[in-house]
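A.B. asks: Below are the features I grabbed from TrEMBL:
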type: DOMAIN; residues: A:24-528; note: domain 'Cytochrome oxidase subunit I profile'
type: TRANSMEM; residues: A:36-57; note: transmembrane segment
type: TRANSMEM; residues: A:77-98; note: transmembrane segment
type: TRANSMEM; residues: A:119-142; note: transmembrane segment
type: TRANSMEM; residues: A:162-187; note: transmembrane segment
type: TRANSMEM; residues: A:199-226; note: transmembrane segment
type: TRANSMEM; residues: A:259-277; note: transmembrane segment
type: TRANSMEM; residues: A:289-307; note: transmembrane segment
type: TRANSMEM; residues: A:319-340; note: transmembrane segment
type: TRANSMEM; residues: A:352-375; note: transmembrane segment
type: TRANSMEM; residues: A:387-412; note: transmembrane segment
type: TRANSMEM; residues: A:424-445; note: transmembrane segment
type: TRANSMEM; residues: A:465-488; note: transmembrane segment
Amino acid sequence: MSYAAGEADHNDHHHHAPSGITRWLFTTNHKDIGSLYLWFSFTMFLVGGAMAMVIRAELFQPGLQLVDPHFFNQMTTVHGLIMVFGAVMPAFTGLANWMIPMMIGAPDMALPRMNNWSFWILPFAFAILLGSLFMEGGGPAFGWTFYAPLSTTYSSDSTALFVFSVHIMGISSIMGAINVIVTIMNMRAPDMTYMKMPLFVWSWFITAFLLIAVMPVLAGAVTMVLTDKYFGTSFFDAAGGGDPVMFQHIFWFFGHPEVYIMILPAFGIVSAIIPAFSRKPLFGYASMVYATGAIAGLSFLVWAHHMFTTGMPVAAELFFMYCTMLISVPTGVKVFNWVATMWRGALSFETPMLFALAFVILFTIGGFSGLMLAITPVDFQYHDTYFVVAHFHYVLVTGAIFSIMAAAYYWLPKWTGHMYNETLGRWHFWLSLISVNVLFFPMHFAGLAGMPRRIPDYSLQFADINQIVSIGGFAFGLTQLLFLYIVIKCVRGGEKAEAKPWDGAEGLEWTVPSPAPYHTFETPPEVK
Amino acid sequence: MTDTNSRPDNMRIVRRLLFTVAGMFAFGFALVPIYDVICDLTGFNGRTNNEQAAANVREVDTSRTVNVQFITRVNKGMPWDFEPEVTSVRVHPGETRVVNFLAHNLTRGDMVAQAIPSVAPGEAALYLNKTECFCFNQQPLKAGDDVAMPMQFYLDPDIPDHIHTLTLSYTLYDMTAHATPDVLALMQQPAD
């Protein structure tokens, strides 16, 4: 909310701009809503992170120390739900709100009142989810994937609250996605053709279609869990003719496109930052667009690689294995394009570039472990071990979250009008880089050695490795408080930022002053 | 600003997107019958054809022998004993065999149960034909009673050569609360 100070002086063109809390409650301004999303996301990142700290504290030593197993299960479940739906997705939506209108030369999002709604129902969704932790019998404890019958027959009485909170999160995402699509289709400046749009806009355009396609399927899945648990239906209950394995098919039909929803906007961010700090245009723009589309299309054909061990026919296992491996082709195109962009560029290593470079390297490590998991016969060894935990934290933490941090540093001067403290930014980067690898890299070895995930205790031979992992976890968690300090310091003041603080940056957002005025591009800009 | 001419256009796109959302929500539910059909067609997930098959009219293939194993379990909280009379039989494809499954109601109340089959490997499920099975119907059992329940089956002679062993698993569920009227009527009759 600290943006209020920086932007208050621009409010005077806006008739009857409400002040105080009502400014934020009733705002239809894409920049305000973007800021709300980003602050909400960071709050949830800290809440979900605190739960991760509970998990790592419990796993610091073998045996049961701090929390009882049921509470441990609630922590793994709610940590996952909050990080996916509360931290990563709202952060990307916030970036979309702030940047897409400014990148395509639009005055605002196409549906500003719906935009207000799609943000303001989110705090209620997470209040319901977090509130369920305090109910008798506890909150959701079945993992963020809420497999039936864990979420039906064996779940606590508060499951209905979980279901409704997921419904609200889904409605919010769908409204956000509709807004992004309509904005991009209808609000571009006159000469902003589709193939001139920045890649961040392109990747969000494709992400929005993925959201429209799969969030309703998630809504269907939680609705079936609700009726199975409370209204006597048998979608997933074999006694009534249903099938628990079907739950996994429906869930992962949503779940796999969902993981690309959490990474495609990251590709867009990195495709903006690497050219800016290489002082070269992006290599292979068109191939980047097509690769993003190809990844999105293939994401609908690979869901069952999450369930190789459920006893599928060999032919189906091979189909899903090969389709999964095929995804590495467009992903490889992207990685090679980023590297080719840097080739013989005049590189400089400010904080956004450091995070973007770390993204390219560490996301690729996560991609490689994903390829290993895609190999059906070896997946039987890796399934449900810490190897999987290591894999998806590499793609989501050093992938999605590093890209969000890169984006924050890259655009903070535009948002606040001040430069962040570069020295502190680099400290944040290097501490994050070292601690995140201490945190997640050893998990690969624990998993290969057979340590199962989602269990509050482990055999003694995993003790050393878990102690190292936990130390990395605490260090990574503390380092993020430094990020909060840097952002608040930057909002409050600092060196005055120019309209274009990065000499190699391109795009319409750098043609408006810093901080960006409350209203931008009320007359469409000229696009070269 | 292009606001005036873009606004009706916005609503058209929004309508189409909302239509897609509604369609995908419906598709999520349509996956349920689609899944059933695919399982029935492919034996995916070990789903057997749980309807009475016609008696075998084809030759018995004595050149091959397939080991058919039986395993049973009761659903969590189901207080019955339930086990097969034999744990495995060796059959020639086409040969009709009967295996009895023994159920014992250990409680002091009359109960109704239903057994749900599953076959591993799933591929073999398509070739297991039951001409008679207790699993087609609900099974009433009075307090403390036991019963031998027959299952008559043959393997389709077309069963692929590489299948040497298949496992038929039954899980017994408590259906007392969902008993069909005819089963209830059966249970009201005095014991002989």
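Cβ atoms here come from the backbone N, Cα and C positions, even for glycine.
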A.B. asks: For the transmembrane segment (A:387-412), I need the partner stretch with the highest count of C-beta pairs below 8 angstroms, choosing only from A:77-98, A:119-142, A:259-277, A:289-307, A:319-340.
C.D. replies: A:259-277
A.B. asks: Do we see three or more Cβ pairs under 8 Å linking the transmembrane segment (A:319-340) and the transmembrane segment (A:465-488), pairs being at least 6 apart in sequence?
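C.D. replies: They do not touch: fewer than three Cβ pairs between the two stretches lie under 8 Å.
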A.B. asks: Counting only residues 6+ away from its ends, which parts of the chain sit with a Cβ under 8 Å from the transmembrane segment (A:36-57)?
C.D. replies: 1, 24, 27, 65-67, 72, 75-76, 78-79, 82-83, 86-88, 90-91, 93-95, 97-98, 119, 122-123, 126, 130, 401, 404, 408, 469-470, 473-474, 477, 480, 484, 487
A.B. asks: Does the structure show the transmembrane segment (A:259-277) and the transmembrane segment (A:352-375) touching, where I'm treating 3 or more Cβ pairs under 8 angstroms (sequence separation 6 or more) as a contact?
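C.D. replies: Contact between the transmembrane segment (A:352-375) and the transmembrane segment (A:259-277): present, because at least 3 Cβ pairs are under 8 Å.
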A.B. asks: Are there 3 or more C-beta pairs under 8 Å linking the transmembrane segment (A:77-98) with the transmembrane segment (A:119-142), counting only pairs at least 6 apart in sequence?
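C.D. replies: These two stretches do touch.
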